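As recorded in Swiss-Prot:
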type	residues	note
ACT_SITE	E80	active site
ACT_SITE	D108	active site
SITE	L28	site 'Important for efficient shutoff activity'
SITE	L65	site 'Important for efficient shutoff activity'
SITE	K195	site 'Important for efficient shutoff activity and nuclear localization'
SITE	K198	site 'Important for efficient shutoff activity and nuclear localization'
SITE	K199	site 'Important for efficient shutoff activity and nuclear localization'
SITE	K202	site 'Important for efficient shutoff activity'
SITE	K203	site 'Important for efficient shutoff activity'
SITE	K206	site 'Important for efficient shutoff activity'
Amino acid sequence: MEDFVRQCFNPMIVELAEKAMKEYGEDLKIETNKFAAICTHLEVCFMYSDFHFINEQGESIVVELDDPNALLKHRFEIIEGRDRTMAWTVVNSICNTTGAEKPKFLPDLYDYKENRFIEIGVTRREVHIYYLEKANKIKSENTHIHIFSFTGEEMATKADYTLDEESRARIKTRLFTIRQEMANRGLWDSFVSPKEAKKQLKKDLKSQGQCAGLPTKVSRRTSPALRILEPMWMDSNRTATLRASFLKCPKK
């Protein structure tokens, strides 16, 4: 699974996922399914934000990378992917600037057009079940919830899907592609089922000649892309980085 993740996701996303797991003391060599899930969630959050701007009239518009109007205000502020301290700093800044109610839990995005925080969910289960779990945890009408599945289903608060149909279709297509690529490599069943995941982990460790009881060292290097990304996020001038082409999964 780890090899699949490194092949199929943008290196910037992989770096952010590694950083997030290390922050919580999790070993991506062992919890490979979580590694894949975090990368998938990060990519969906980036795709949700991609190309969406607000013009001078306060209207939401979709702008391609090479469009001369690319300096317009970004519609979404990306919170997911930052370390917790920085993320809360951004949330507090947004609340102080917009008057939005501070959420109890860290959200994934802030929508400057609708003036609301957004919680993005990506599930391998039924969308309505995951939606209810999110809603019961957040318990706030001020945080908008939008759930996507790997089968093309989605569910959002009050059936308000925020994005246009084409933008949502891009996300659904990407998720379906990830599912197909996992299935082609025999990884999908273990990704969905914890029981199958344990079997896959034992198989991977055996093939690598590792012992599950031994700690595995994780690289602590920080790539140039990650060093550039964080200050760009703080300045809300991240177009070039976030618009980088996502890597396609090479065929086995």
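Positions of Cβ are set from backbone N, Cα and C atoms, glycine also.
Features recorded in Swiss-Prot, as mapped to the structure shown.
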| residue | record | DSSP class |
| --- | --- | --- |
| L28 | site 'Important for efficient shutoff activity' | coil |
| E80 | active site | coil |
| D108 | active site | coil |
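Of the recorded residues, D108 (active site) and E80 (active site) place their C-alpha atoms 5 Å from one another. There are 23 other Cβ atoms within 10 Å of the Cβ belonging to D108 (active site). Rounded to a whole value, the Cα-Cα separation of L28 (site 'Important for efficient shutoff activity') and E80 (active site) is 18 Å.
The local packing around L28 (site 'Important for efficient shutoff activity'), expressed as other Cβ atoms within 10 Å of its Cβ over all shown chains, amounts to 23. The Cβ of E80 (active site) lies under 8 Å from the Cβ of H41, L42, C45, A87, L106, D108, L109, I120, each of which sits 6+ residues away along the same chain.
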